Amino acid sequence: MLRGCGEVGAVDCSPEQLNKHLKMVPGGRKHSGKSGKPPLIDQPKKAFDFEKEDKDLSGSEEDAVDEKTQVFDKHGKKRSAGIIEDVGGEVQNMLEKFGADINKALLAKKKRIEMYTKASFKASNQKIEQIWKTQQEEIQKLNNEYSQQFLSVLQQWELDMQKFEEQGEKLTNLFRQQQKIFQQTRIVQSQRMKAIKQLHEQFIKSLEDVEKNNDNLFTGTQSELKKEMAMLQKKVMMETQQQEMANVRKSLQSMLF
């Protein structure tokens, strides 16, 4: 009966059913003992029947023999009831010990799950913080780089404007030359504007690339975390099954041996 405990479709292994089953065992042994050897109660009766042929046996002696047989029956019943109670108590103690072992295993499993979960969350938080720091460093680097480029372009533009003013003052009498220089300056300004526009577009594109890379990193980290959690769950389930099988083996060995 105990070998099927915990399996699907197995018999009920509750303490009440086990006590009921074990209480039935001494009765069966007592019955088999009766089949191999005649009970002691019948022996006095047979002796009494054998001696009954003596016609000198008095009525008081017959009463004494009957009282002895009744006392023997009472002691036999009390002894068998005591054996049943002792076996039931031992089984109850074994069941309580088995339940205590299961509770200890469950507590140990709970502690391991909490420890693995805390370690996984700590590792994931560290990865996220590292990604965030990397993103901030890249953004700061881009800001510094393009800020310097913008500043150099603006400084160059200011220098060009200063040259244009100087040339305008010097070439007031030379309209054609001034007109040519103006046209050249406009071309230069348009080129500078194009350069600024290109730098701005490159800056926006770089920011988008950084965001895409960070999204990919977050996605990869999330998938790795899911894989780690799945492996952790599988590992915990395997350890739990092994621990439960070991507890069941110990309990069965202690009950059988």
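Each Cβ is built from the backbone N, Cα and C atoms, and glycine gets one as well.
As the structure is a computational prediction, the values presented were derived from the model and not from experiment.
Annotated phosphoserine per Swiss-Prot: SER14 (among others), in sequence order.
Positions annotated as compositional bias 'Basic residues' by Swiss-Prot: 23-34.
Marked as region 'Disordered' by Swiss-Prot: 23-66.
Annotation source Swiss-Prot lists compositional bias 'Basic and acidic residues' at 43-58.
Among the features that Swiss-Prot reports, phosphoserine is placed at SER58 (among others), with the record citing a large-scale study or a structure entry.
What Swiss-Prot lists as phosphoserine is SER60 (among others).
Per Swiss-Prot, the feature phosphoserine maps to SER80 (among others); the stated evidence is a large-scale study or a structure entry.
Annotation comment: Swiss-Prot describes 87-244 as coiled coil, evidence class similarity to another entry.
The region 'Important for oligomerization and fiber formation' annotation in Swiss-Prot covers 90-95 (among others).
Looking only at the motif 'Nuclear localization signal' (109-112), the predicted model's pLDDT averages out at 85. The annotation motif 'Nuclear localization signal' is assigned in Swiss-Prot to 109-112 on the grounds of sequence analysis.
For THR221, the entry in Swiss-Prot reads phosphothreonine, with the evidence type similarity to another entry. Counting Cβ atoms from all protein chains shown, THR221 (phosphothreonine) has 16 others lying within 10 Å of its own Cβ.
Per Swiss-Prot, the feature region 'Important for oligomerization and fiber formation' maps to 252-257 (among others); the stated evidence is similarity to another entry.
Listed as Cβ neighbours of the motif 'Nuclear localization signal' (109-112) (distance under 8 Å, sequence separation of 6 or more from its ends, same chain) are residues 236, 239-240, 243.
Break the motif 'Nuclear localization signal' (109-112) down by DSSP state and the numbers are 4 helix, 0 strand, 0 coil. The helix, strand and coil residue counts that DSSP assigns across the region 'Important for oligomerization and fiber formation' (90-95) are 6 helix, 0 strand, 0 coil.
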